[in-house]
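Notes to accompany the following structure.
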């Protein structure tokens, strides 16, 4: 039996609140149950050096957890003087995922930075971040078009993510913290709205997993992401 | 004429939301108008080395701004690899201010860390942080007493803060961003609920200021802090 | 047509040279074609703080590239003052993969550090590192048993890894650099010698990939890893 | 009774030695009793990026303590790899204070850096630094005029600073170390030679302070700074 | 009696393997007995800022030890976040030594970086590094000429180095680790092929050394370097 | 002809001022002509971890230049966040040199830190530092004996240093800045008062140097150090 009586394939209640803060070009509070992440999209003119003069744009991401977003306090990375390996890994994943949603050659020489800051963590912060960042990105791109800075919207598709895993021998979708910390296998899947995959990252925390287990996890992920993309489209009025 | 038609002595609407997040021993979202800061209080056993074995407690603070809490994006301090001078200065101020609210010799060997993270900035983030952190601290101390870890509450008084300044030749209270960036003199005042001062930090941004100007600013601060402390007490049910 | 006339499912020539250097408890030069990585295993008494007193051991890993192991020189991470995100991500992957090969509760309070240093890079440095580190780890564990420090060998299985990807529309196994940089989808798979999976990390570099493509990549990976594990067992005389 | 029989309003003997070292454009050893700080002013062409092309100049400051300027040795900040919060706070204060002494729009595109290095500390190092740096700055600006690089001297006024505080219930001026470490309230005041204020920073170390206490401290500060500015003017031959 | 029955003046077997790796413009594995260092030379267009526009080139060096090149594991400098004093000292020495071999005014605006990475340490890593780097540098310069980027080869002479020391009261040449760690005096000498000196660094580890001892050490060094330079010339086919 | 009409073998006027600052156990301002270095010795109980429990002491050193001790301003190392290679090299040299002056087994479990901070640089700062630090060390050791913390003084000899070099084809002693920057060969020699050597570091800045040149430099150094050690002994009243 899962917490809150969820079925194995059920995602937590998904909430996406646009314009949660006022300065950013996109600012979305995403909630996967008790996991809450503030995702902002910032548009800046110019691109990193390796892209200069090619007429295309860039999308990057940064991720952070507020020190007390977790059960016990995590030391502040700014105070420690460096971002940890987990943080870097997650922000690289977010950036790669969102770049897949956009035709960068149609973005013009703009850089969009997606900041995903976890206000409260209860499992699945990276998948919530990708999901929320995609909506913030959509808002930012719409703004570029509305402001006449781009003629057409370079967004190719919606992108969303979910975690799946094997807990107590059963494959379940959208793990919350108590499940995540007990999972034998943990997998994060990022997909587009046509059901193709952008990232699959599966890790055996305990025993190695079989091909059949992998297949059941992928099936759960596809279904969960369908639901999540519906929520994204609803909040964007699509 | 001030923005929103405020009078010179009027503070912005103050909102204090307790239990804004669920893991911390105290978690308060403080809003001074459009300035929004999440203040959490974390209780940990043990004290820094220089206090070991003295039977007293310690209170410390950390401050951060989300990269896009501001009009344009500020680079993330964790990514830069160090906290800037302004950040360090503010978190030292917050910690000193809150230590003044507590009898550390009655705290036992606990350390309380106050994390003040700015979600949206519109002037006065440090004074909002002190104000919100004080409520979060009160919640954390009440919890220590309720859990039987302390016999009596070591809190001596409420502490709150406000910024005052001279803008366009006129002394005004609780400056928002457009005022702050135009102020000739800027002063932050931290006070207890009996009207005594913990910190006074006045800076001439343009012309030096006179003794008389200082006196008017102090008078405005006292009045503004009165209002703010009332809001603190209301939300704590005192 | 692949470079050197390789078929799609063919791995490059795999060479594993034990005792490549003399000080470490395990020291293996692994070559996947022109990719050459020196993997050493160091045994040290004691475990990290979070494991103290639990009677179990720990396995960790570090990864580095010599500055001129690549086509153009990469700045030295020691000189830059920090390890990059890619480096941290890879060394976390190596460590997780090798921990899956060992029953840590049977390791005693020892820490084994696997250092994987790339002497020459031509694609697949992380999968070569995992493969070589597993042999170095086997040597180190055998030494612990031979020295009477452990009664029985805690190694549960061999672990190996390979990269697979879609290049020019075709799924291929063990990509070298020219293929890797042209791949539409890139996937790293880590498996045990009984064909179960420890890690699957697939990334769409260009277009998202389909479920069917994922299945063909997994099939290629399983076959490639079979060959690689045979090479590991041969060099260990199993 | 104060050390050395000083009265409450008396500052320590102030010595300002110009040209204490030979390379800098201004080089002043300032002594407030046993506190000794070497203040140098360096003129460099160009301004920070945020001021480029505006035809104005900039003044900045850095502060440091020699490791054994204090009773017990303080770790060297260069060896620790970062400047502490206190250091950053002080050098920001010095820079702001001295910028108030100069019409930056008349400085031309020069940057003047004031380095304040404490050779021996006995309380009041930041106020001594501001006082000495002002004389070094005057020398540097005179040199710019003498060298024909500026047509007229952009210095608007002399700036000096003193600490005041409440020690054993009594308000006293220019605290030395034994007083400073026992003070209930500590306040640093920076003023121009016409008696107006640039900075007021008052901190309750123990009990909060009252409005009346603040007024007595300000009165003491004004009187002390008068004496100090006389010493500055004397050494500059004004 | 020395290890392996070497005489006092005898250097260890010297091996220089060119093209040890394939990407660098020069790539030499140098072995002094059991000490093994991979030395690569990288040619890049452009020079450091302080040389811009002067039409001359630059040579720099970096040095590192693989963590387990030594008897016990040394923490990885990239993970510690800085290069240690010994590392910086050695790489400065290597760079100075090799700059002496080249007429920088004839190099054109190229920078050559010599990376010396110790795969296995057994004493004398810095002298082996200089010796191997000189051969890698020769290969790189020949390549610049062969590629038509330089009209004539700017190399002025071969440069090699050896350590000498007083061990058990006797002066010996090319110390291996067990000798080095027991030496009373340790001296590194860098010479050109005409017997003149580029660097002499002698250090008393125990008792100070006399003028006569210095002279015997220098005589041993000269003889040892003769042998080493013969090996360099042989491998380069000169 | 040398500056100030000095002869080739003549050192600059040497001044050693004891008790230059008041807090340190030894505090010496050393002047070699216009080069001025403040050398303090700090005694602390305890030794570094690698010496714990062996009943012996330790001597270490740190070196720094005030930013404007030089002709043009050098960036402050504390602000840059790390000590440069030259700094680390010099402080390692100072520490090694002074350890040679003391019988560490007779020092007890004390650590003495020698801080050498350059107030004004005009060539020879490292040799002045060693010379001044030796007097500060003597004062500190005498204090340990006077305070009854050591029964007998563990100092074995005086240690001093001088730079020698070849300038315009002539060997000269104690180079000042204009000579140093024009020297073809530069050598630093550290000796004990019985004429034996602790360190010899010779570097060819331009052309390599011959054995005969090395001998003339050593002869000059011995003579110069004789004079310097006389000055040390005079100021210590020996």
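Using N, Cα and C of the backbone, Cβ positions are placed for all residues, glycine too.
All annotation found in TrEMBL is predicted automatically rather than curated by experts.
Residues or ranges marked as phosphate binding site in TrEMBL: C:86, C:124, C:125, C:126. Feature annotation from TrEMBL assigns domain 'Exoribonuclease phosphorolytic' to C:10-140, C:157-223.
Overlay of TrEMBL annotations on the structure.
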| residue | record | Cβ contacts under 8 Å, 6 or more apart |
| --- | --- | --- |
| C:86 | phosphate binding site | none |
| C:124 | phosphate binding site | C:32, C:35, C:162, C:163, C:174, C:175, C:176, C:180 |
| C:125 | phosphate binding site | C:35, C:37, C:65, C:90, C:118 |
| C:126 | phosphate binding site | C:63, C:90, C:93, C:94, C:161, C:163, C:188 |
Phosphate site shell beyond C:86, C:124, C:125, C:126, criterion: Cβ within 8 Å of Cβ centroid: C:63, C:90, C:118, C:121, C:123, C:127, C:128, C:129
DSSP residue counts for the domain 'Exoribonuclease phosphorolytic' (C:157-223), split into helix, strand and coil: 17 helix, 30 strand, 20 coil
Max CA-CA distance, Å, over listed phosphate-binding residues C:86, C:124, C:125, C:126: 13
Counts by DSSP class (helix H/G/I, strand E/B, coil) across the domain 'Exoribonuclease phosphorolytic' (C:10-140): 41 helix, 43 strand, 47 coil
For the domain 'Exoribonuclease phosphorolytic' (C:157-223), the mean pLDDT of the predicted model: 97
